[in-house]
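A.B. asks: Sharing the features that TrEMBL gives for it:
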- 9-18: compositional bias 'Polar residues' (COMPBIAS)
- 1-23: region 'Disordered' (REGION)
- 31-52: transmembrane segment (TRANSMEM)
- 64-85: transmembrane segment (TRANSMEM)
- 97-118: transmembrane segment (TRANSMEM)
- 154-174: transmembrane segment (TRANSMEM)
- 180-201: transmembrane segment (TRANSMEM)
- 256-278: transmembrane segment (TRANSMEM)
- 302-324: transmembrane segment (TRANSMEM)
- 345-369: transmembrane segment (TRANSMEM)
- 375-397: transmembrane segment (TRANSMEM)
- 409-431: transmembrane segment (TRANSMEM)
- 437-456: transmembrane segment (TRANSMEM)
Amino acid sequence: SIMRKRQTTDSPHSSSDLSEGKEKLRLKQEVGLISGVSLIAGTMIGSGIFMSPEWVLHQMGSPASSLLIWAACGLLAMLGALSYAELGTIIKESGGEYIYILRIFGSFPAFLFAYTSVILVRPAGLAAVCLSFAEYAVAPFYPGCSSPQVVVKCTAAACILVLTIINCLNVRLATSVMNIFTAAKLLALLVIVVGGLVLLAKGQTQSFQNAFQNTTAGIGTVGVAFYQGLWSYDGWNNLNYVTEELKKPEVTLPRAVMIAIPLVTCLYLLVNVSYFAAMAPSELLTSGAVAVTWGDKVLGSWAWLISLSVALSTFGSSNGTFFSGGRLCYIAAREGHMPDILSMAHVRCLTPSPALLFTSAMSLIMIISGNFTSIVNFFSFIAWLFYGMTISGLLYLKIKKPELPRSYKVPIFIPIIVLIAAVYLVLAPIIDQPQIEILYIVLFIFSGIVLYFPLVRFKCHPRFLQRVTLHLQLFLEVAPTIRDAN
């Protein structure tokens, strides 16, 4: 059966010698409902809501159509997350899209996803968010001029190193950081929402008169606007990457989704209304950083609070991205698609520290190498390509294997809608405005074929790698783990 999991026994690969006896080593189930909501909401609310409104408006042309895009992005994220919640109750393993593609479609497409995500997408996304954090964190020290790139990059690198230490030490510490920073960023968004409501109460409604005027509605234009909006909603699927670490995943996963995503969607809509209350559309389009401009107009001498809030928000978001990205690397290694050392966990801290260190190293390389504008722009293209594949897998299971046990079921029309949206988001920008960068991304994805057949399919591993793995295992104090399939 395609759904049959690898059998885990008390072999040297699934247990480790600890103390005087043999103990099975596994990650702890320490993520409850509050931490689950924080992981979703905390990763979603990053720098996007403070920056993207300008670009959504630029594509759509009018305030009302921009708000419709933000609402539609929230609805799409909600439908996608509900579909993933059912997958998470059928396949109760960590790894998100990777593990679902592996169990449904097999090894080759799962390897291509893991290869693309672990080497490029996750580290690039983490590096981009940390650079946003660094820009806002150092800006107060360079008033009236742009911050030196060396300082920004060093600050971003320091952010990644701090996140590495936090996540390697303790899962509970990492989730506590997520909870604290999620509360801080929700408070910051509430300040913007309340400020906007006060402005509306005072009669500042000019932006909402003839609100649909100048709307543009081309197929490609709407697709690009969705990309900009969905960048702010990215993270809606993060809880599926840590399913094995959830307390009662069959209950926690759907509940966390149903709380976090509507909460974030409502806040995003109200924040956008606040921006339009404070600024005319023309002002918003010329603003380099929408939230900072809003702070200057509304808060006056307290405008520095917004810069601080954005820095806190991006730090919290990068923590969530790092937390889930490390798990993807760990799960892919456990399934034989990455080096064995990355599938191990620290014998005392019980965290996947080698995978976290690898993710950290890749992100640091990307920070040093330069600018990620093109990677960020095409992040959604890669993401929705694999989201579409994952959702089609759910439809396959619903139609062909309805007998599989599942504690939560989503109506079949919901994954159908998400699949149609995914196909649109992948094809619309290519058809409307084809760009050579998309070809480069596709070529990078399929370059994984060169590695897959010798290393994974035929297992041609040089002998010295076993020695390297052993030395690293002793140095990092890590041991192989077993799967906890709940």
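Heads up, residue numbers simply count up from 1 along the chain you see.
Even glycines carry a Cβ here, placed using N, Cα and C.
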A.B. asks: Are there 3 or more C-beta pairs under 8 Å linking the transmembrane segment (64-85) with the transmembrane segment (409-431), counting only pairs at least 6 apart in sequence?
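C.D. replies: Yes, since the transmembrane segment (409-431) and the transmembrane segment (64-85) share at least 3 Cβ pairs closer than 8 Å, they count as touching.
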A.B. asks: Please give the sequence-distant neighbours of the transmembrane segment (64-85): residues at least 6 beyond its ends with Cβ less than 8 Å from one of its Cβ atoms.
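C.D. replies: Counting only partners 6 or more residues beyond its ends, the transmembrane segment (64-85) has Cβ contacts under 8 Å with 40, 44, 53, 56-57, 96, 208, 211-212, 215-217, 222, 225-226, 229-230, 232-233, 236-237, 240, 253-254, 257-258, 261-262, 264-265, 268-269, 272-273, 387, 390-391, 394, 408, 410, 414-415, 417-418, 421.
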A.B. asks: Please report, as numbers and ranges, the same-chain residues at least 6 past the borders of the transmembrane segment (97-118) whose CB is under 8 Å from any CB of it.
C.D. replies: 2-3, 5, 87, 91, 237, 240, 325, 328-329, 331-332, 335, 337-338, 358-359, 362, 382, 386-387, 389-390, 393-394, 396-397, 444-446, 448-449, 451-452, 456-457
A.B. asks: Which residues of the chain, 6 or more past the ends of the transmembrane segment (31-52), have a CB below 8 A from one of its CBs?
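C.D. replies: For the transmembrane segment (31-52), the sequence-distant neighbours (Cβ-Cβ under 8 Å, at least 6 residues beyond its ends) are 77, 81, 129, 132-133, 136, 171, 175, 178-179, 181-182, 185-186, 189, 228-229, 231-236, 238-239, 242, 245-247, 252-253, 255-257, 259-261, 263-264, 267-268, 271, 289-292, 306, 310, 313-314, 316-321, 323-324.
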